[in-house]
Amino acid sequence: MTRVPDTDLAVAASGLVKTFGDVNAVDGIDLEVRRGEVFGVLGPNGAGKTTTLKMLATLLPMDGGEASIFGVDVRRHPHMIRQLVGVTGQYASVDENLTGAENLWLFGRLQGLSSSRAKATANDLLERFGLTEARDRQISTFSGGMRRRLDLAASLISQPPLIFLDEPTTGLDPRTRGQMWDTIRDLIREGSTVLLTTQYLDEADQLADRIAVIDRGLKVAEGTPDELKTSVGSSTLQLRMAEPADTTPAVDVVRRVLGEEPVLTPEAGGMNAALTDANQAADVLIALRQAGLSIASATVQKPTLDEVFMAITGHGAEDETDQQPRHEMEVAS
Amino acid sequence: MSTSLLADHETTEVLDRTIITRPSLRDTIDQSLAMAWRALKKMRRNPEQWFDVTLQPLLFTAMFAYIFGGAISGSVEDYLPIVITGILAQTALTACMATGIQLREDMDKGVFDRFKSLPIARIAPLVGPALADLIRYATAATLTILTGLLMGYRPGGGFVGVLGGWLLTVFAGWSLAWIFTYFGTRARSAQAVQGISMMVMFPLTFLSNAFVPSSTLPGWLEAFVKVNPVSLVISAVRDLMNDGALTANVGWALLGCGIVVAIFLPLSVRSYSRKM
């Protein structure tokens with residue numbers, strides 16, 4: 001029997017590439033996830049998050065690069081990787097034709113548990129995930145939140161040391177989303193290493209220790225949630241001037257007060273400015289009043305993923321036609 | 001715990017866990033049986049999956065016998081020994097076409113992502129449903145024979161001969177299903193599998209000796225009909241059921257089925273693994 005030497009890295013990937021036709025869905029991504037941490041991969045739809053995760057989980061072959069999980073090579077030992085990683089997909093991967101208990105029993109049997117062990121594990125997990133009353137119901141009658149919870153339960157059967165969560169709350173209503181977060185937090189408390197992808201900055205902020213921001217198949221930033229947020233400011237002041245003609249003088253005022261250039265928005269007289277402190281909004285409004293410029297509306301908002309993207313990449317998260325050159329920017333090391 | 005044939009899997013230590021390096025034959029069998037259990041549950045909960053193996057044998061047997069009986073053999077009774085064995089092969093083929101279509105439909109569902117992410121032998125998700133479908137082939141064969149008996153079919157091979165024909169039909173269904181399983185792993189959609197399968201199934205069934213004696217066909221067609229594996233199976237089933245004879249035809253049929261499995265089973269597993 002051989003032994004793989006222990007490593008502090010749960011995931012070590014370098015130069016990952018995946019090509020679909022002419023498109024490089026993943027274009028050379030490096031990832032390092034340390035043992036025991038929760039690592040978030042943040043990016044808009046189509047950025048390459050799910051593709052990256054699928055390559056690491058052996059669900060898609062890699063077209064380039066190297067990856068290992070706990071020191072085991074992903075390309076050479078897919079069967080071993082599948083025993084080290086539990087995957088919870090973007091769409092619940094459970095069997096519609098089976099009940100909750102039958103699903104977990106089947107996945108347990110497939111992973112080498114005896115029939116009685118598989119049954120006991122299924123019951124434990126159903127209880128832990130609040131699905132006991134649904135154990136004998138077919139999945140086709142489950143709500144979206146229940147499916148996701150069952151799906152998460154299914155990936156924990158063999159107690160894998162690393163868990164992949166692919167957009168665990170996409171499409172869930174806010175209340176169910178909160179429940180899912182609680183469930184994931186419990187998991188984290190038990191010391192699992194988690195690699196999660198998300199489109200939501202607040203989700204990454206809530207759950208992850210470190211975040212990599214992915215855009216068009218490339219990693220554009222990496223750091224703790226605080227470091228990322230500092231780069232965009234803690235919140236955003238959204239201004240709209242009453243007279244579009246006032247826009248240019250208003251930009252001058254905002255720049256003077258905040259020491260930073262506001263970003264013009266498409267509507268006439270609109271602009272967004274990053275605030276390091278929400279209270280700076282009052283300073284801006286007073287300065288505008290003193291300059292005799294009147295506003296149509298003013299809102300203070302927490303930074304959104306779009307603003308993180310603005311700040312880091314210079315283009316919006318959805319703005320795929322932008323021709324600006326991409327520049328890699330290390331927010332922190 | 002295991003015999004030398006069912007040797008234990010090789011293992012490696014990662015962190016403080018014992019990880020299986022390769023699934024053993026025993027693991028593969030366990031996993032295939034678990035997948036067969038799933039397929040059976042699914043069948044039980046989707047009764048519409050039974051239409052092709054229940055209604056079709058009843059309908060086709062009666063329809064073909066009464067329509068062609070007089071024209072081909074002079075009377076319905078004389079035609080029964082030909083048509084029953086022909087319909088046996090035809091329903092088995094239709095049933096195994098459904099195996100491929102359903103596999104494709106299944107693979108498009110989320111649960112197959114989980115199967116792919118689990119440390120299971122790549123052959124298990126294919127062998128499992130194939131094992132469960134034995135029940136469908138058996139049902140189709142049984143109902144066809146019963147309908148024939150009700151219509152006045154008196155097989156000359158007796159009980160043992162009929163049992164032999166029945167077994168051969170089920171085995172042929174299981175073997176030929178690997179052709180359609182392969183289409184299932186290759187095609188883009190369930191509709192595409194259906195389309196391709198139809199194009200394969202119709203010539204295989206009708207360009208055979210299923211419904212007419214091959215001697216009535218033009219020479220070039222007779223040549224194809226004679227090498228068609230479906231004809232081989234049908235001739236063997238006729239020898240068993242109508243004459244109670246274990247002839248060379250039975251050997252050819254078994255060999256033909258074996259060759260189909262030897263080609264299409266590895267192709268299917270390879271194409272399924274590559275899809276990931």
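Glycine is treated like the rest: Cβ placed from N, Cα and C.
Taken verbatim from TrEMBL:
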type     : residues  : note
DOMAIN   : B:48-275  : domain 'ABC transmembrane type-2'
TRANSMEM : B:50-73   : transmembrane segment
TRANSMEM : B:79-101  : transmembrane segment
TRANSMEM : B:159-180 : transmembrane segment
TRANSMEM : B:192-212 : transmembrane segment
TRANSMEM : B:250-269 : transmembrane segment
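With a threshold of 8 Å between CB atoms, the same-chain residues lying at least 6 positions outside the transmembrane segment (B:79-101) that come near it are 49, 52-53, 56-57, 60-61, 64-65, 68-70, 72-73, 129-130, 133, 136-137, 140-141, 144-145, 148, 151-153, 155-156, 165, 169-170, 172-174, 176-177, 179-184, 190, 193-194, 197-198, 201, 204-205, 208-211, 213, 230, 233-234, 237-238, 241-242. Long-range Cβ contacts of the transmembrane segment (B:250-269) within its own chain (Cβ-Cβ under 8 Å, at least 6 residues beyond either end) map to 122-123, 126, 164, 168, 171-172, 175-176, 178-179, 181-182, 184-185, 229, 232-233, 235-237, 239-240. Same-chain residues lying 6 or more positions outside the transmembrane segment (B:50-73) and placing a CB less than 8 Å from one of its CB atoms are 43, 79-80, 82-84, 86-87, 90-91, 94-95, 98, 136-137, 139-140, 143-144, 147-148, 151, 211-213.
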